[in-house]
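Okay, so here's the structure we're looking at.
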Amino acid sequence: MRLLVRPEEEELERVLRRSEMDVTEVLPDVERIFEDVVERGDEALLEYTERFDGVKLEAEDLRVSEDDFEVARELVDERTVEALEEAAHRIEEFHRKTLPRVDRITFDVEGTECGLTLRPIPRVGCYVPGGRAAYPSTALMTVIPARVAGCREVVVCTPPADNDVRASPEVLVAVEIAGADAVYRVGGAQAIAALAAGTETVLRVDKIVGPGNVYVTAAKLLAYSRGLTDVDMPAGPSEVFVIADDSANPDWLARDLIAQAEHDPHAAAVLATDSEEIARAVKERVEELLDAGIEREEIVLKALDRNGWIVVLDSLEECVRLANRYAPEHLQLCVENPEELLQDVENAGAVFVGHLTAVPFGDYATGPNHVLPTGGFARARGALGTWDFVKIIPIQRLREGDVERLAPIVEELAEREGLPNHAEAVRARRS
């Protein structure tokens with residue numbers, strides 16, 4: 001990790017420029033895959049599954065059967081099943097408590113009846129990635145809020161695997177616990193194309209959520225740009241930004257940075273502090289842990305070499321300002337008085353308050369969602385939640401008195417915008 005002590009703005013810009021996910025490089029390949037799936041459906045899915053995943057399936061294998069779920073249960077350790085069930089309970093409880101509960105509200109706007117109604121998105125597709133590792137926790141984090149929101153059908157796509165159930169057994173158990181209606185053994189851009197356009201087997205959905213690699217992200221953006229389906233957010237490499245003072249534990253901080261770095265060679269791990277002593281202690285501890293040997297060491301080393309920074313600034317207020325510019329996926333406040341800093345936090349996917357609140361607790365068990373904006377998108381949105389699975393529909397009702405009051409406004413503005421028939425539609429209703 002690189003240490004910067006009271007850096008100049010040019011050096012801070014280097015910290016802010018973490019790895020970005022450039023979909024333009026893969027977009028031509030994704031477009032070809034997309035068109036092929038739209039044109040040939042299941043046949044294309046089976047070919048891409050064999051080519052990219054090395055798993056040969058028949059059409060009837062695309063959808064996971066009830067027997068497969070039973071076998072998956074037998075393959076997964078009971079302690080893992082119990083952990084998934086306990087995590088699911090907490091995730092569901094959190095999302096039920098954050099569910100917008102208003103079915104319809106009406107109110108008066110200058111004498112006119114207006115209002116809102118909330119409706120669940122009918123069909124949702126959840127992408128649960130494979131690749132470097134299987135992520136059953138992502139199945140919980142995507143399926144549960146959709147189900148809590150009242151979506152009529154919730155389906156899952158996850159990459160196939162070469163085993164007895166031809167998918168991650170842990171993911172299948174998690175999906176069953178979460179309550180999805182169907183699971184398909186298909187991953188990558190082809191999975192997104194199938195969910196967006198539908199095939200003989202895969203149900204076409206109204207929205208796609210869940211993280212994935214650059215091909216998955218490009219496919220989601222392509223599906224959205226073509227008006228086929230809505231999507232949640234682009235997903236880039238994972239990142240953590242830690243703010244610490246001299247009350248922090250250097251060993252804990254070092255392990256927190258390493259934990260984030262193990263996600264991906266392009267992951268980012270940044271520590272900002274007002275204590276040079278803490279900064280040097282954390283850097284030394286990271287090096288000690290790496291020298292002693294850790295699991296996933298190659299990934300961690302690449303990530304910390306590319307996007308690992310320890311920054312010493314003059315005050316914690318400056319650290320918060322830098323964090324707001326960074327807009328991290330995960331923000332940890334490892335300081336003596338975290339509430340004082342929390343009120344100034346503007347941009348973060350999720351905030352972890354206090355020395356005890358390590359990011360992995362939020363990844364798995366506290367309850368809030370771990371599908372979060374990366375790459376600076378926390379400037380504009382926060383975590384996935386039940387609000388992502390409902391539509392807010394405005395309602396308005398005019399009565400005769402409203403027509404006379406509003407018609408002059410509408411007629412004037414419609415004429416100015418060159419839409420005379422808008423004005424005529426209103427004039428026809430005047431007494």
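In case you wondered, yes, glycine gets a Cβ from its N, Cα and C as well.
What Swiss-Prot records for the substrate site is S238, Q260, H263, D363, E417, H422, and among H330, H355 the residue it adds there is H330.
Between the recorded positions H263, H330, H422, the minimum number of other C-beta atoms within 10 Å of a residue's C-beta occurs at H422. Summary: among the recorded positions (E329, D363, E417), the fewest other C-beta atoms within 10 A of the C-beta are counted at E417.
DSSP assigns Q260 (substrate binding site) to a helical segment in the three-state reduction.
Cα spacing between H330 (active site, proton acceptor) and N213 (NAD(+) binding site): 19 Å, rounded to the nearest whole number. Excluding Y127, Q190, N213 themselves, the residues of that chain whose CB lies within 8 A of the CB mean position for the NAD(+) site are, in sequence, P129, C157, P159, G187, G188, A189, A191, I192, G212, Y215, V216, A219.
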